[in-house]
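A.B. asks: Mind looking over this structure? Questions follow.
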Amino acid sequence: MPIKIPDTLPAFETLVQEGVRVMTETLAIRQDIRPLQIGLLNLMPNKIKTELQMARLVGASPLQVELSLIRIGGHKAKNTSEDHLLAFYQTWEEVKHRKFDGFIITGAPIELLPYEDVTYWPEMQEILDWTETNVHSTMNVCWGAMAAVYHFHGVPKYELKEKAFGVYRHRNLKPSSIYLNGFSDNFEVPVSRWTEVRRADIEKSESLEILMESSEMGVCLVHEKRGRRLYMFNHVEYDSTSLSDEYFRDVNAGVPIKMPHNYFPHNDPALAPQNRWRSHAHLLFGNWINEIYQTTPFDVEEIGTDL
């Protein structure tokens, strides 16, 4: 089954061209199926690019998915027009009465700030608490993952001496995990962050388990043993050119930045990078969506009573 998104969303045509099955609202109504309700809390400045990245992965599932785009109410986006936000987004205040089968919280370029100094931290805490009663399963990504694991488990973040930046080998630590079904023993994942969480702090919580890790970059994916929260600290959703875009953005702005590790062919920025993580990104999100489908209540309004 395809993903249901507005026909006029910029990602629509791109997804069609890529072979992702997308569905208009008219066609969705004709199918007698309850679509999985997936919310995307998009905290990134370039919301359109992030919409496409996440819709691409969620939409690859054989299940019908309805994606709702959500933003922080009082926060003004720097790189996305107000017209786009008004046309396609709802604020969390506008959707907090709803129940969601799945909910994605993205990263945000604010990781060097203490959590309490983030202007929308109080609302973020409300949203995280709300997910416990209104969301069946949550996928937290990069800063969203760090914020969530700090909020729920007190796991701190640490500033790195230099940006973790590139494509790194990671190990599958639990092949029997439902979320890692079909994963290789080791694989590559894009990394782009200024902070990290550490294994020792994760291990202090009996309810957390590390599923993916890199000998160079540390913890990558964590899940809750008795819950339905995933914490992805890196960027499996990235496009082939995402790291390149970040690199040249900083170079052109005169910001000191090292070339992304293990990314450009022959370490030559003039050569187009190859995507070596796409299949595992689809596996992770596909496994997540499938697990939601297997465990979520048939009546979406019963979410929160099933824990």
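Backbone N, Cα and C atoms are what each Cβ position is placed from, and that goes for glycine too.
Dumping what Swiss-Prot says about this protein:
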- C142: active site, acyl-thioester intermediate (ACT_SITE)
- H235: active site, proton acceptor (ACT_SITE)
- E237: active site (ACT_SITE)
- K163, S192, R249: substrate binding site (BINDING)
- E111: site 'Important for acyl-CoA specificity' (SITE)
- S192: site 'Important for substrate specificity' (SITE)
A.B. asks: Cα-Cα separation of K163 (substrate binding site) and E111 (site 'Important for acyl-CoA specificity'), in Å?
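C.D. replies: Approximately 11 Å lies between the Cα of K163 (substrate binding site) and that of E111 (site 'Important for acyl-CoA specificity').
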A.B. asks: Who sits close to R249 (substrate binding site): which same-chain residues at least 6 apart have their Cβ under 8 Å from its Cβ?
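C.D. replies: Listed in sequence order: nothing, so none.
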A.B. asks: List every residue in the same chain as H235 (active site, proton acceptor), at least 6 positions away in sequence, whose Cβ is under 8 Å from its Cβ.
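C.D. replies: Set apart from H235 (active site, proton acceptor) by at least 6 residues yet with Cβ under 8 Å, we have G107, V141, C142, V189, P190, V191, S192, S242.
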A.B. asks: Near C142 (active site, acyl-thioester intermediate), how many other Cβ atoms are within 10 Å of its Cβ?
C.D. replies: 25
A.B. asks: May I ask for the distance between E111 (site 'Important for acyl-CoA specificity') and the residue listed as 'active site', taken between their Cα atoms and rounded to an integer number of Å?
C.D. replies: 18
A.B. asks: I'd like the Cβ neighbour count for E237 (active site), meaning other Cβ atoms within 10 Å of its Cβ, all protein chains included.
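C.D. replies: The answer is 26.
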A.B. asks: Can you tell me the three-state DSSP label for R249 (substrate binding site)?
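C.D. replies: Looking at the DSSP assignment, R249 (substrate binding site) belongs to a helix.
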A.B. asks: Could you check what DSSP calls E111 (site 'Important for acyl-CoA specificity') once collapsed to helix, strand or coil?
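C.D. replies: The residue in question, E111 (site 'Important for acyl-CoA specificity'), is coil (DSSP, three-state).
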